[in-house]
Amino acid sequence: MSANIEEDSREDDSSEESDGLEESEPKLKYARMKNSLINIFNKYAAKCIAVHPKFVCLGNNWGMIHMLDHEGIVVLQELKLHSTDVNQISIDSNGDFIASCSDDGRVCIRGLYSSDNNQDLKKENCKVKSVAIDPNYYKPGSGRRFITGDEQLMLYEKSFLVKLKSSVLCKAQGSVHNIKWNGQFVAWADNLGVWVFDIDARRSLGLIRWPRHPEALPENYRCNICWKDSSTFLVGWVNSVRICQIRKKTAQEIAVDRDKPEYIVDLVSSFETDFYISGIGPLDDHLVILGYSKERDDDGKSAQRPSMYVIEPLTTSFVELRKDSLSLRGYQHLKCNDYSLECLIEENNFFIVSPKDVIRATPYDADDRIQWLMEHKKYEVAMEAVAQTEGHQACRFTPLQVGQAYLNHLLEQEEFEQAGQLCQKILGTEKRLWEEEVFKFARIHQLRAVSPYLPRGDHRLSSTIYEMVLYEFLILDAKGFLNVLKEWSPDLYNVKTITAALCEHCIQNEADTKLLEALAILYSHDKQYDKALAVYLKLKNVGLFDLIREHNLYDVIHNMIEDLVKLDEEQAIALFLETPKQQNKSNIGKKLDKTEKSLPVPPHIVVDKLGKNQRFQYLYLDALDRKDAKGEGQKYHGLLVKLYADMAREKLLPLLHRSGHYPINEALDICKSRNYHNETVYLLGRIGNFKEALNLIIKELGDIEQAINFCKEHHDMELWEDLISYSLPRADFITFLLQRIGTYVDPRILVQRIQCGMEIPGLKNSLVKLMHDYSLQVSVQEGCKKILSSDYFNLHDRLVKNQQRGILIDDDQICGKCARPITIKDASRVCNVVVFFCKHSFHEGCAESMACKLP
């Protein structure tokens, strides 16, 4: 990926093209530091850099140090400290002092605000490649320490007696390449690898040995060391990366060897890259590496652009998250050591230095990320990103701005359905915004895509908007037009306007069933229910039943009753018999017929309208009878008898049994004409023509059991005699009678009339059963007689005892004739009292007879 770096107008602004893969989201943004640096680079070349939250120190090839702010503006006069290249600059943690070294053998300490603790050190015949100042150098009593590196690692500090005391910390293998001091620990590198030294304990914690390859020896490349925090440091050297962590040893580890340091260095991650490393630094949980390609450019002579890599380190490998190719001046002729990278960890700022350029890299903030996502058409991610920033930090983008840009993109890509959904998400209840965006859909004839998402609640748009949508559906999508009419409330648009447009469209074009149904809906919205029902009937659409129920149109349908039944028998009949939602207020308080209160359409109207169709009458009256058999339904039982006889004989006999609201003679004629014998027998029994009924059972049905039950039901001796007479010619009937009539008729009557010599199957068993039944009957009668006798005497004794009880007469009782108190306290008027067992009391003179005549 190519980084967008602001270039000087004199430089080529071209950058390496993307490799064709989908571009990953950038982590860093880049800006070339200009201002005072422009004049500096016109004269000098940068050799090293050191950064602090307050300022930047840039060392050049003429031994001078430039003090700049983070925008490249000079803040202090340049320091002329060396006669040749400045190799390294180190700044204390407070930003009060800087240390620098050079190939001229000089090491200089300079106070930026005071010269009291300035130091100048000159090493003869020695090139000082690295220097590190104590982070606490600014503190009084800190010893004003600093470390230099040449062929050995030297510590310099002030003491009470000696102006500057030096100590050799370590001998180097070759020369010291780099020194980084953090707290009590110093990480430094020589030709063997990277060492870690504990300043407080004055002990080395060990060596991280570096791999050596003949084609890329470590001493030929700068070792890049960066402290991530107080205990973790990063090393990038040649093409190898190490992440190391310093920790205290456990008690068990100390016990093994008490002579070794109490701290130990653990290797957290180790891996190799396919490029040379010019700088390394931390970015949250990731790493930032300034890489130099091992391959030459297409011409085979020029170097490729350096690249800034953002990677996720693993234990023995890494994941590349982003690669940015950088356009630095003169990169074609630069080598790996010509580049360097310094990190301002507190602010996640990175300074990339080449001889003629300084580029500042900073993490993408919310605005940068959103802008990049929008530029690369990643609007969905941009929507999520702007939603996360809303209300938390100042952002120049709003959800509406991003959403509208996304909406325009979707319309350009003809993703109309997705654009419609987005409108609902970003526009909310803003009427003006909705109408502006809807007109965009209207211009490209895609109002249908946004129609499901238009506000239809409390925050509605202008009725013109909804009418525009409906008109587009009408012209382009008849089915959609119908569905929208069903879904939308008629309050959203002018019903008459849409109705007129639909009628005009139907005149100019052939109207299909969907448009006719839509017309019916519009008529119902306009309360032209007769027209709506007529259209529904024409379409044979069962939706008219819901329309009738919803608007209580029962009075309107009297002339279309038969048509409704033809359309849907079940729904139509249910409609005629159901209870309407509301009753007419004018009927409140009136004494209405029960059926008039409960049925929306009077039954006599339905029966009359269905008179030409016997089957429809049968279906309706059958349903009416099931719903209201004892009310309005019984009025039509006479007609229902005929209908049942023709269409549902199985329902006829139950109706004859349970109802008395039909003309029996007509019913009898109907049953006789159709030879319905069971029904005829029942009706003959009802009119008292038992003999004919019994004759029909015997001769037509031949069912002796039914004949016996018939005689039992009516308990007429003449019927029994007739039954015996009918049965005498048939031996099987006689057998059945002998077994069944013993408890109802004197069996001698039957036995004596049996013709002598007649062969009767099972006669013996039948006679045994007959005698057993007769004996059982006699036994039952004798038992009943004994029970009755016992009950008689028991009840008689109870009556006698009750009559022998005393009857209480108190002062409250009055005479049943004169109505005076029954007891008289005046001795001159005292008389006898007559008390009957019915508890009525009389004065003796008032009791005219010995019987109580009171009720």
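Even glycines carry a Cβ here, placed using N, Cα and C.
The compositional bias 'Acidic residues' feature in TrEMBL is assigned to 1-23.
According to TrEMBL, the feature region 'Disordered' maps to 1-26.
Per TrEMBL, the feature domain 'Vps41 beta-propeller' maps to 28-361.
Per TrEMBL, the feature repeat 'CHCR' maps to 592-736. DSSP assignment over the repeat 'CHCR' (592-736) gives 113 helix, 0 strand, 32 coil.
For 813-850, the entry in TrEMBL reads domain 'Vps41 C-terminal RING finger'. Among residues of the same chain six or more beyond the domain 'Vps41 C-terminal RING finger' (813-850), those with a C-beta under 8 A of the stretch's C-beta atoms are 803, 807.
In terms of DSSP secondary structure, the domain 'Vps41 C-terminal RING finger' (813-850) contains 3 helix, 8 strand, 27 coil. The predicted model assigns the repeat 'CHCR' (592-736) a mean pLDDT of 81.
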